[in-house]
Amino acid sequence: MEFLSKIVRVHIPDYLNSVPVPDSFGGFLDLTAGQWLHLFAFSGTVAAAVYVSVKPYLDKKDQKDQLVNLRIQKESSKVVNMVDIEDLGNKVCYCRCWRSKKFPLCDGSHAKHNEDTGDNVGPLVLKRKDV
């Protein structure tokens with residue numbers, strides 16, 4: 001714990017005091033090449049830390065704004081498909097990627113969707129239990 005305390009109380013303040021931040025804009029003209037390098041290294045580190053901290057929140061916003069259903073029953077406020085369980089037969093595959101031309105049944109469109117997006121979605125397969 002003493003090691004961490006020394007870093008926070010001694011080394012970080014010493015480093016921040018050594019960063020060559022001029023008092024005015026004209027002071028930037030007086031900086032040497034070594035001071036510019038030190039200033040760029042510090043600025044780059046701060047920018048990278050801010051980017052790494054903010055990036056996950058920006059990605060979530062982009063994901064939230066993307067539509068899942070691009071074309072199926074867009075005139076409806078909610079897409080609902082009812083299927084009588086007695087009509088299923090032995091095996092049926094339902095689409096979960098919303099790309100099927102035979103929606104709600106799967107036509108294998110998820111394979112192209114997965115290839116294009118890197119997703120791993122597949123169909124919902126309902127199968128009668130073998131007795």
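The chain as shown is numbered from 1 upward.
Even glycines carry a Cβ here, placed using N, Cα and C.
Note that the structure is a prediction, hence the values are computed from the model and not measured.
So that you can see what the record holds, here are the features copied from Swiss-Prot:
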type     : residues                     : note
TOPO_DOM : 1-35                         : topological domain 'Lumenal'
TRANSMEM : 36-58                        : transmembrane segment
TOPO_DOM : 59-131                       : topological domain 'Cytoplasmic'
BINDING  : Cys95, Cys97, Cys106, His110 : [2Fe-2S] cluster binding site
Env. residues of [2Fe-2S] cluster site, Cβ within 8 Å of mean position of Cys95, Cys97, Cys106, His110 Cβ: Cys93, Tyr94, Arg96, Trp98, Arg99, Ser100, Asp107, Gly108, Ser109, His113, Val121, Gly122, Pro123
Cβ neighbours within the same chain of His110 ([2Fe-2S] cluster binding site) - under 8 Å, at least six residues apart: Cys95, Arg96, Cys97, Arg99, Ser100, Val121, Gly122, Pro123
Contacting positions for the topological domain 'Lumenal' (1-35) when only residues 6+ beyond its ends and CB under 8 Å are counted: 42
CB within-chain contacts under 8 A for Cys106 ([2Fe-2S] cluster binding site), separation at least 6: Cys93, Tyr94, Cys95, Arg96, Ser100, Pro123, Leu124
Composition by DSSP (helix, strand, coil) of residues within the topological domain 'Lumenal' (1-35): 26 helix, 0 strand, 9 coil
Helix-strand-coil residue split for the topological domain 'Cytoplasmic' (59-131), DSSP-based: 18 helix, 9 strand, 46 coil
Among Cys95, Cys97 [binding-site residues], residue with fewest other Cβ within 10 Å: Cys97
The topological domain 'Lumenal' (1-35) [mean pLDDT, rounded to integer]: 90
